[in-house]
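Engineer: In case it's useful when we look at the structure, here is the feature table from Swiss-Prot:
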type: DOMAIN; residues: 125-219; note: domain 'Rhodanese'
type: ACT_SITE; residues: CYS179; note: active site, cysteine persulfide intermediate
Amino acid sequence: MTQDYRVLLYYQYVPIEDGESFAQKHLSDCKALGLKGRILVADEGINGTVSGTVEQTNAYMSLMKNDSRFTSTIFKIDEAKQNAFKKMHVRYRPELVNLSLEDDVNPLELTGAYLDPKEFREAMLDENTVVIDARNDYEFDLGHFRGAIRPEIRSFRELPQWIRDNKEQFMEKRVLTYCTGGIRCEKFSGWLVREGFKDVGQLHGGIATYGKDPEVQGDLWYGQMYVFDSRIAVPINQKEHVIVGRDWFDGSPCERYINCGNPECNRQMLASKENEAKYLGACSHECRVHPDNRYIKAHQLSNQEVQERLALLEKDLAS
């Protein structure tokens with residue numbers, strides 16, 4: 001059955017003169033088409049995820065292709081049951097992805113070797129290869145390639161320092177890296193080359209492309225792919241589904257992400273509906289008793305109900 005909506009994921013490193021003005025006009029164009037989504041514009045290019053009807057997304061792709069700067073842009077297309085976003089944002093930023101480098105990497109001049117899904121899969125099976133996930137830790141925890149290294153980072157900009165601290169582990173190995181759609185790896189793989197890594201490859205088109213390849217069919221991917229829209233999780237492996245996510249509270253298999261109820265914390269964590277209720281939607285006791293706990297407010301729990309749940313939880317944890 002054909003779905004009514006689509007989600008488009010894309011990026012393009014290309015010089016954009018006066019990116020701020022471009023972003024303002026692009027927002028107007030997107031709103032005129034009725035699209036929803038989030039697009040970042042920088043002088044170095046564009047990176048976006050938008051959703052809308054088939055007609056709206058087709059019109060957007062035509063709009064982009066009619067601009068000489070974006071004729072080679074590759075759109076990764078997912079069918080969807082509804083819009084993946086509630087609003088339309090186009091924002092200007094100094095750079096598309098932030099590695100916090102004093103001397104930034106220009107992917108148009110320096111980047112790792114592009115590997116298509118089949119080449120990437122074959123390279124992963126080589127015992128002299130290490131695979132580094134270029135995403136954040138919470139993305140990795142939902143799903144990742146078999147044997148991939150999980151950098152202990154909360155954001156992409158922390159990755160270079162983590163590599164410097166751990167480079168002896170894989171300096172002499174062939175290094176592969178991957179991310180959701182490919183944009184982060186363009187810069188990260190180029191930085192690895194600049195740092196002296198001899199053999200660096202990147203998954204061209206990212207995990208999103210790997211999962212749609214008719215031959216590879218997402219093989220060697222465990223879990224689901226984290227996405228930055230209302231879907232949160234997208235299946236990748238067409239051959240088998242292995243759950244790698246673990247519930248924050250009890251370690252059981254889980255693929256349901258929530259944010260900690262304490263708005264000052266907002267930690268993303270995997271949790272079942274049952275555990276979310278049991279732990280009042282919060283990652284710790286301090287967050288559970290926070291006066292602005294969103295879970296308590298959303299469920300209109302009385303102070304008595306909160307105290308009863310806390311008492312039961314304390315008893316359970318003590319046993």
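First residue shown is number 1, and so on along the chain.
Backbone N, Cα and C atoms are what each Cβ position is placed from, and that goes for glycine too.
What you are looking at is a predicted structure, and each value in this text was computed from that prediction instead of being measured.
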Engineer: Limited to the domain 'Rhodanese' (125-219), I'd like the whole-number average of pLDDT.
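Structural biologist: Here the predicted model's pLDDT, averaged over the domain 'Rhodanese' (125-219), is 95.
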Engineer: Have a look around the residue listed as 'active site, cysteine persulfide intermediate' and count the other CB atoms within 10 A of its CB, chains all included.
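Structural biologist: Neighbour count, Cβ to Cβ under the 10 Å cut-off: 24.
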Engineer: Can you break down the domain 'Rhodanese' (125-219) into helix, strand and coil residue counts using DSSP?
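Structural biologist: Taking the domain 'Rhodanese' (125-219) as a whole: 39 helix, 18 strand, 38 coil.
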